[in-house]
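Undergrad: Below you will find the structure I want to go over with you.
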Amino acid sequence: MAPQRAGQKRKVVEVPRPKQQEEDDALGNGLLDGAIDDGSSSEDGASEDGSEEEFEEDEDEDEELDSDEIPSSEDEEEEDVRQQIRDLKTRDTKKLTGTDTAKDIASISSGTPVKPLADDADKPNYTIETDANGNERYVYKEIEPNYDSDDSDAPDGVNTIGNIPLSYYDAYPHIGYDINGKRIARPAKGEALDSLLDSIDLPEGWTGLTDPATGKPLNLSREELEVLKQLTRNERPGEGYDPYPDMVEWFTGKHNQEIMPLSAAPEPKRRFVPSMHEHKRVMKMVKAIKEGRIQPYREPTEEDKEKDEQEDFATYDVWADEAPRPDHIMNVPAPKLPPPGYEESYHPPAEYLPDKAEREAWEQADEEDRTRDYLPQDHSALRRVPGYARFVKEKFERCLDLYLAPRVRRSKLNIDPESLLPKLPDPAELRPFPDHVATVFKGHDGRVRTVAIDPSGQYLASGGDDGTVRIWELKTGYCFQRVKLSTTDAVNVVSWRPTTDPPILAACCSDSVHFIVPSASVTTPEAETQAIELITAGFNNPNANQPLKTASGADKPSPSSWHRPIPAHGSQGVYLTISLRSMPKTFVWHRRGDYFATVCPNTSATSTAVAIHTLSKHLSQHPFRRLRGLAQTATFHPSKPLFFVATRQRVRVYDLQQQKLERELQPGARWISSISLHPLGSNLIVSSYDRRLLWHDMDLGTTPYKVLRYHDKAIRSAKFHPSLPLFADASDDGSVQVFHGKVVGDSMENATVVPLKVLRGHKVVKELGVLDLDWHPREAWCVSAGADGTVRLWT
Amino acid sequence: MATQESAAANGRTAQVKIHLSSRNEDIQLPQDTGAILVSTEFKRYQLSTLVNRLLDTDQPIPLEFLVNGQFLRTSLDDFLTQNGISAESTLNVEYVKALVPPLHVASYEHDDWVSSVDVLSASSNAAKWAGSAYDTSSQPRILSGSFDSILRVWDTSANIVATGSAHTAPIKAAKFISPTQVVSSGADRTLRLWNFTDSTQPGEQGSLTPTLELYGHKASVDALAVHAPSSRILSASADHTIGLWSTKKSENPVAPENLLPSASNKRRKLSTNSKPSPQRGPLSLLARHTAQVSDVTFDAKDHTVAYSTSWDHSLKTWDLTTSACVDSRSTPQALFSVCHLPDTSLIACGTSAKHITLIDPRASAQTISAMTLRGHTNAVVSLARDPNSSYQFVSGSHDGTCRIWDLRSARSEASERVGESVYVINRESGKGGVAGDGVKVFGVQWDAEVGVVSGGEDKQVQINKGQQ
């Protein structure tokens, strides 16, 4: 082995070492060297020995690992490297220390007798030649494979390329390498003519196949072919096997029968006693036969056969006896497929057929994105309808649906959301109500602050920032009269005396109240004289304008004075002027037309803010000694002697006869702008500057029955229609909203409030929209006073 | 002709047999053509061309076609479908001369709003009643009452022939009684009779002289109706009454003292009018309305019957001989104007709810509203008959338009028959503001010679006439 190793080492070492070689040569009798050096220091040798041992171990491991495998070139390389190192060491030791381990000695000693022999044989193992570059080149002899190989059976000239297809070598002239690394030449194939000749002159056993191991044509002998054939047919396991051998009569036939029993033991008792278990089973059968559960076999008659045949072809309705299962949370029936529509017909109407664009869109769409998985197709007759290509897929998908679809019963509240809304009548049924502008009254310069329609419904009075009161004809919008009350102050309120005859118009301008009798074109002379008499009758009253006495008897300045108008007003039809201490913002007539109330919200003295006046006596009274809060507006009850006073946040109801506070309403508004009492007297609407309209039902406590928030800006005024179930409010957002407000006399029924119409048209000027509104006494018409200087009649 | 017909209807379209006829003598077909096959795709224009070709007229006359009393507004095919008539039946088609669109002729400027207009011409009622007393060769005259309390008479070339200024308040109504007599009323609660002397020469001035003042109403007198042969005047007043007056001074009773103007007003009046007119009272005051009476009219056939409309939503029929209210019909809206259409025995009422309701006043009528004419966008305050056709009338509305209506141009809707206007006459002075603000029409009159005369808030009398 050692020489082999040495050979290997040398073969792979790249660096040419002629010197070493020489030394090796000298090593031919290395024994001596070793002997010389043997006695030298052992210290180093011990350490050397350790390292040596390590190497040895490694080597062993490697060899163990590689033992199964064919030694590869890499292994060889490794081996070579180790060998080289070892050589170096040994050489070193030989050179420097001259010591050797026992092993080494042993190996050397063991190899010694062989070596000379091997050396002799090995000498010509390689020859040194000079290659093209002038370097030395070692040319080794061929290895004798059988010498070193375990595989003694390996055939000569076997290809060593391993288990790879021969086709890899198609591009080369050789087909692999033999054990010596020599190329195995591709067997000569000859020319096409030769191969043709070969094919004509078939050799014995020619198969036309190539032996993959040798690349030569594979020839099989006749016997081999026979075996192959039999193997492929599963006929016999191998050569010489006879599937049908003659029977050997071991136990039958003449003289082969056994006469003697195998055992002489007597028959056991159980052979003669009937089995209890069998008896039980038989009795069961007997019982079944008796009960008719087991029918004895009967030859099938012709009828039976026919019936059987029919049954073979019969179809079964799986759901024939399907009973409806009780309604249970777990029993969710499979959803029914919708019935086919027109488009699924074989001959659908033309409108169901897809046009070209639809067809293209359908075809281009992803299968999952299609709204339906078929295209309606038109076939002129049922017999032209082709087979349904999607049948299987469709059934499959249906089954998949049924299988995969979750069967969860959703607990759904079956409530129509509409039914939750309160029943409100349709606005169309609540006609008449104003819905469009009919007349625009133009003429006021600046804001129009107040409007009032006279009790006959023919005329309209308006007052504005220009200090004028105008009387218009309602239908045409013609201005019949214009009364200039002031050049600086605005007319805050105009109000017609509630009885028709004679017509008297009260107008509040600055801190005075003026009573105007309309001109001759509006009233008859008779009515005019009546009105003048009525207004001026109080001048004859001795109690009028009497200065009030204080407790001490001194004169107290009267909060109001009644006097004849100044000449400038008198020529315009003003016949009476009342001067109050502060500016009245509210003027309301009692229904009889003799009393009226004024409210001056800006006054400093709260006791004089609210005053009730008697026209016939020219008397002013201040009913409240002290009023909590700042009075905003007031109104009379239409039938009872009740007086409603609204402060900024409260509405108080006073009984005028008993002179006490009847009740107090809390609308919840921050700043009340106006109040209006329903003609029946039991409902009150309160408008507030904080954009709310509050409906108070007096029977329902002190808080509002309904709060209507429909405006974006402050609400200036709200008013009930005197006869129809309507009310409206005017807001700074420039709109008037009309509501249906039906009040039933029966206290069991609540009032119905329906928003009807938003009347838009007034322009918003300096954040003021509609300042006042009034209703026509009979018709569903209303007028609104706008900050844009116009009055509009809505019908 | 047959070849023509077949050529016309050569297409694959369906055909229908029609029988053409006309009641108008001028446009009768030369010979009875019998049934003609026409394509159902024909519309009014094609039929009109066909008839014109049959008539062989020099100038094509625009014609309207009536099938079953309705105007043909769509193609024959659609008409048949809508009315469920089989295309195989023979249609009786009546053709009439189409109403030509009334074009603006002239506008007469006033100082103030014009409340009322009337026309005196050979074809007007006043001239007809006068008979031979009216010189038919004389020029038509237009009467206008204005809110500046002045009554004006105009000739057709925009010249004022005469003015009368006795009223102390805006005039609300004015009418010719005869070619020489005019009645007017106004917000001063009086009716005034005037003597009208026409100018004899074109440049010369005529005169209007007040002859009689009629007192009795306590509020503005908003409308008048006159019937000269029986010398009766009806007045509708805002004091809820209707006054019945005579045109003759002697017939009227003494005026009620309390209604005469007071001293202060009288002084004012005397300053303008030196010689006071005689004052008389009403023959009768018909007081059954509960709100202001807006309009009143005589029955066109029977002058003892009158119809009145009021803001109280009712139309009342009056027997003038007994001054009794015979019948009352209530509608959902306030009524502003009335017009009697004798041939159809319907009464057209203009309402505050923007439409015109046609009411059948006969006791046998089942429904109150026979037909509703929609189109106006504001209250309809004035109505006037077409002098040439008993089916047509004109309405003036506060929305600033006059609309011409034809009762035959209607369709059936859910519960009623609804008509649409044939023509709309806008104010020449402009479009006006919202809801006809600034151009409201207050009075309208339709005369055969002059055309449609209307006055309104734009201070103009506007004349529109269809050019034949």
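Just so it is clear, glycine is given a Cβ too, placed from its N, Cα and C backbone atoms.
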Undergrad: Which range, A:143-162, A:223-242, A:363-382, A:543-562, does TrEMBL list as region 'Disordered'?
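TA: Residues A:543-562 are the ones TrEMBL records as region 'Disordered'.
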Undergrad: With Cβ-Cβ distances below 8 Å as the criterion, list the same-chain residues six or more beyond the ends of the repeat 'WD' (A:770-795) that contact it, or say none.
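TA: Contacts of the repeat 'WD' (A:770-795) (Cβ under 8 Å, skipping residues fewer than 6 from its ends): 431-442, 444-453, 455-457, 460, 462, 464, 472, 474, 477, 716-717, 719-724, 726, 728-732, 734-736, 738, 759, 761-764.
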Undergrad: Taking the repeat 'WD' (A:770-795) alone, what is its mean pLDDT?
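TA: Across the residues of the repeat 'WD' (A:770-795) the model's pLDDT averages 91 on the 0 to 100 scale.
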Undergrad: From the DSSP assignment alone, can you count helix, strand and coil residues within the repeat 'WD' (A:441-482)?
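TA: So the counts come to 0 helix, 24 strand, 18 coil.
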Undergrad: What are the helix, strand and coil residue counts for the repeat 'WD' (A:770-795) according to DSSP?
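TA: Once the DSSP states are binned, the repeat 'WD' (A:770-795) shows 0 helix, 16 strand, 10 coil.
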